[in-house]
Amino acid sequence: MQDIQLDKLLSADMSPENAQQVMQALSQSLNEHNIRYYVDDAPTITDSEYDRLMQCLIKLEAQFPQFIVADSPTQRVGGLALAKFDQITHLKPMLSLDNAFGEADFSAFHKRVTDKVGEVSFCCEPKLDGLAVSILYRHGVLERAATRGDGTVGEDITENVKTIKSIPLKLRGNDFPEVVEVRGEAFMPKAAFEALNERARAKDEKLFVNPRNAAAGSLRQLDSKITASRSLAFYAYALGVVEPDSYSLGKTHYEQLQQLKSWGLPVSNEIKVCEELDQVFDYYKDILTRRSDLPFEIDGVVMKVNDIAQQQRLGFVAKSPRWAIAYKFPAQEEMTLLEGVDFQVGRTGAVTPVARLKPVFVGGVTVSNATLHNADEIERLGIKIGDTVIIRRAGDVIPQIVAIVPERRPETATDIVFPHNCPVCGSLVERLEGEAVARCSGGLFCEAQRKEAIKHFASRKALDIDGMGDKVVEQLIDKELVQSPADLFKLTASMMTMLDRMGMKSATNLAAAIEAAKTTTLARFLYALGIREVGEATAANLAAHFASLDALRVATVEQLTAVEDVGVVVAQHVAHFFAQPHNLEVIDALIAAGVHWPAIEAPSADAQPLKGQTWVLTGTLNQLNRNDAKAQLQTLGAKVAGSVSKNTDCLVAGEAAGSKLAKAQELGVKVIDEEALLALFAANR
């Protein structure tokens, strides 16, 4: 459309039908110009012409709001701010990558790959230092976007992602799948980061530490208008879910990236296919050399097996693909002074020495603290207070002391002495044989461990106190209403109305849930105690083996190792826990408060038809809760594992079963669906 034509149209008495046609044409034109500018890097109109088209569309949409379309470029910034982010379950897990920190690591990865599938080529790309994002298009229109989160569940950031101008609200052309999930990195270019901090400096506001933090903070704004002002960018690096399955995709990773680009999605210009190992190392060195000149922050390069069929043969491990690796750049290093050491107590009782450093700028941030990990690390470094140390940001994230500078040690340097008593509760600090970490023996008595211990105690898989969420626990402890788990059972509804946003009705419901939680099982009770390395399965095995708490309390390490799946280390943790007077006092107080469970009867052989078998659950179960299914299988004698191996007897495959199903089929493991599982349970009631 020419400017003069637009002027005439806007000044005329336009009919609704004409307005709708013009608005659709303007939206399509502006979206295409966005792609030409941000993706193709080949704009065909000036900025002023683009602005003129946009203003025309804005005026028409104000006059005819009923014709605003979802992919209109005016809809990039939403209306009201959100109260919170909703959760989104990924259709396909967003896995992380394993790391290589040098040629030896990458060569070992290369050997593992070629041993499995023969010769390979790699699609190489910069590892952007931003935030992983999943974007779902349905019928070509952006439907939703989410953060990686824990890989299974992320946060809904759709409105914020729409503000990123390089991301098309509607895919280009018509040749795309009905559903396509695009994965990539949202990041803040260096120039945008500098401009953002300049604006903050002018307003005397807190500065962002680095572009990655700025990008993450910008994407997690509840008000998308703030995100829109931050000039974020995006590069696509992979496809996720594609429907229908029959849609013809490229046979290589590089070809699939070109498909994404043809649909209007931005893809890095630094991507290269390397056929030989030497070419991979040359690519790495080239990007490393040009790192400071690139318009965005990177912390390495990503190497992916280019052939999709080879990727599928290689498959996945629990948290990462076997066909890709992040080849990280060497961390940046600086020297500074160790001014002192503080000892922190973590939620599991781990006592960790933390170095207090003279502040130093390294790897893009100012570092004033670094973990010294444990006594062995202090001894290995030979470090003393007053030493000059070399600080590195390992992986460009975690500050780490890697060495001392002996020639700079002053005569006043002093030894680092580990405390004999917990700096929080005064209990003895102990270090079990074979363990690197020293721990406070206070257990449930220690204030540093108290909040997390009580959160765990009340959690769904433990005593399952409905309504007792993390924030409620924190308030109960902060207001000194609860000091130990047993105090939960002394709470009344009127006491809990002291909590924020807790009316009498909610408090009465919570009091009822606390009362109901007194009736539990021995397995749940043991899990709730938070004994180190005692998960649900181990707690169930301990309960089944000893049948009573009294028998378990006096069990020796030797007796404990006779329990299924309990090794020496776990046995030591259990014995150590029950040897601490503080912990026994808490247990006795819980029983005195009314916590109880039914007696355990030894199961007959007929009642455990799956004894000795290993089962695995995968995918979504529609009629059964995953934990209930697991518990029923264990009742029938099965061991329920988290991964498929040659020792797996049966896999239960729910909807959207992924890599576990593929591996089971590859190994010839028996596979059943949810209906068959329900039938099994019904037959053994």
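Quick reminder: no glycine exception, Cβ is built from N, Cα and C everywhere.
The DSSP secondary structure for Lys304 (NAD(+) binding site) is strand. Counting only residues at least six positions away in the same chain, the Cβ atoms of Phe122, Cys123, Cys124, Glu125, His253, Gln311, Trp323, Ala324 sit under 8 Å from the Cβ of Lys304 (NAD(+) binding site). According to Swiss-Prot, the feature NAD(+) binding site maps to Asp47, Ser48, Glu49, Tyr50, Asp51, Ser96, Leu97, Glu125, Arg148, Glu185, Lys304, Lys328.
The secondary structure of Lys127 (active site, N6-AMP-lysine intermediate), as reduced to three states from DSSP, is extended strand. Close to Lys127 (active site, N6-AMP-lysine intermediate) in the fold, though at least 6 residues off in sequence, lie Ile298, Asp299, Gly300, Val301, Val302, Ala326, Tyr327, Lys328, each with a CB less than 8 Å from its CB. Marked as active site, N6-AMP-lysine intermediate by Swiss-Prot: Lys127.
Cys440 (Zn(2+) binding site) falls within a strand when secondary structure is assigned with DSSP. As annotated by Swiss-Prot, Zn(2+) binding site applies to Cys422, Cys425, Cys440, Cys446.
As annotated by Swiss-Prot, domain 'BRCT' applies to 605-685. Under DSSP, residues within the domain 'BRCT' (605-685) fall into helix, strand and coil as 32 helix, 17 strand, 32 coil.
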Ask   = Which of the binding-site residues Cys422, Cys425, Cys440, Cys446 has its Cα nearest to the Cα of Leu97 (NAD(+) binding site)?
value = Cys440
Request  = Provide the number of Cβ atoms within 10 Å of the Cβ of Cys425 (Zn(2+) binding site), excluding the reference atom itself.
outcome  = 19
Request  = State which of the following binding-site residues has the fewest other Cβ atoms within 10 Å around its Cβ: Glu49, Asp51.
outcome  = Asp51
Query = Any idea what the Cα distance is from Cys440 (Zn(2+) binding site) over to Asp51 (NAD(+) binding site), rounded to a whole Å?
reply = 64
Inquiry  = Just to verify a number: CA distance, Glu49 (NAD(+) binding site) to Cys422 (Zn(2+) binding site), in angstrom, no decimals.
reply    = 69
Inquiry  = If I take the Cα of Asp51 (NAD(+) binding site) as reference, which of the binding-site residues Cys422, Cys425, Cys446 has the closest Cα?
reply    = Cys446
Task = Average the pLDDT scores across the domain 'BRCT' (605-685) and report the rounded value.
result = 87
Request  = Work out how many Å separate Cys422 (Zn(2+) binding site) and Arg148 (NAD(+) binding site) at their Cα atoms, rounded off.
outcome  = 37
